[in-house]
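Annotated features, as they stand in TrEMBL:
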- 90-292: domain 'Peptidase M12A' (DOMAIN)
- H188, H192, H198: Zn(2+) binding site (BINDING)
- 310-364: domain 'Chitin-binding type-2' (DOMAIN)
Amino acid sequence: MSHSNLVEAIAIAMKFTNAMPLWLAVAILAIYSPTESKSFPKATLAKPPINDVKLSSSSRGMPAYVDDDIFVSLKSRTESFSESLNPSWVNYSDPKLLWNPQDIPYFIDPSLANYTHVITTSISKFSEVSCLRFRELYSHESNLWPKDYLYFNNSEGCASFIGRQGGAQLISLQAERCTADGAGKVMHLILHSLGFGHEHNRPDRDKAIRIHWLNVNETKRHYLIKYNGTDAAMYNESYDYDSLMHGSNTLFTINSSLVTLTARNDSIMELGNRDHLSEKDIRRLNARYSCSSTTEAPTGQTGCDPTASAPTCYGETRPTLADPTDCTKYYVCQGSEPIRMPCPEGLFYNPFIFVCDWPWATICCPATKRPNSTTISHMANTE
């Protein structure tokens, strides 16, 4: 019998008969009432970008935090509640977590329309230093979308899954909070989605840093448990104090004036950063995705169509398709007319994220002749 039915039956019995004393009714309710179970904090998932696009099983499975900014799906977890509280269960070196480095699709939800530049700038940093290539998806081409893609959404908190999970994979960006310091936090979350954990959790960290446990918030201490030795995906790199994935000196502190992490090397005062990929971050990224040891300037997408025309405009003002023969210019839309604009001096058009941010001259043309393919990212109204 369900709890609600039980309460109703007891109430009726007490109303019409004297057969059930009050103390007995209270005792029965105490025994059969469901107890409140512990639960992880949940990410708020907004609607998928369009009606017929469904979130991945990982996202639908009530994403919870296995770390302060890392999601884990309850459906995919087999550990007990206490075991799953710590981040060491994630197999960070699992090859199944890898994306196709030449095609990592992503969609920016309209809820983040005012933060598109921060997101695309963050994405461009990875293409600059590795073989990874990202491809933006557009609402009006939803029938052409791949099954798996990154889904940037203005949700609760700043968090991401570790590695490729399948389906529409949430990167939660509580806009003002997650972009307050520029692109660094967004880059940090993208690195999680590419399969990287935190530097301060690696198994050999005790040789490099001290953790001042008395200064750590009790509710956050399990986030500092070390990763399993075989799953840390360190790629033979020594400890990186400057990593984008390293927590600050006051990580999880009970008071902003109290440090929680300090380097054992007394010459190192500041831990981590939130504005750039460190040299070791870059080397590990290239090793994980089997990029060449020396990153060369991108040469544009394969199958370029030199006759590709300017885009059809829908009133959008952001840069769109560049002239395939002149990488120093791009198009913006003024009303319904595409207008050619110059890139800043010394920079060239990036055909992957549609901004002038590359320091190289490259082939700036789309993979196929689809005039509308690089117009409005957020045309569809998903309300």
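Using N, Cα and C of the backbone, Cβ positions are placed for all residues, glycine too.
Highlighted in sequence order, D69, I70, S160, L189, L191, F196, G197, L244, M245 have their Cβ within 8 Å of the centre of the Cβ atoms of H188, H192, H198, the residues recorded for Zn(2+), and are not part of that set.
Residue density at H198 (Zn(2+) binding site): 26 other Cβ atoms are found within 10 A of its Cβ, drawing on all protein chains shown. In sequence order, D69, I70, S160, F161, I162 are the residues of the chain that are 6 or more apart from H192 (Zn(2+) binding site) and have a CB within less than 8 Å of its CB. Annotation for H188 (Zn(2+) binding site): spatial neighbours D69, L244, M245, R274, criterion Cβ-Cβ under 8 Å with sequence separation of six or more. Mean model confidence of the domain 'Chitin-binding type-2' (310-364) amounts to 62 (pLDDT, 0 to 100 scale).
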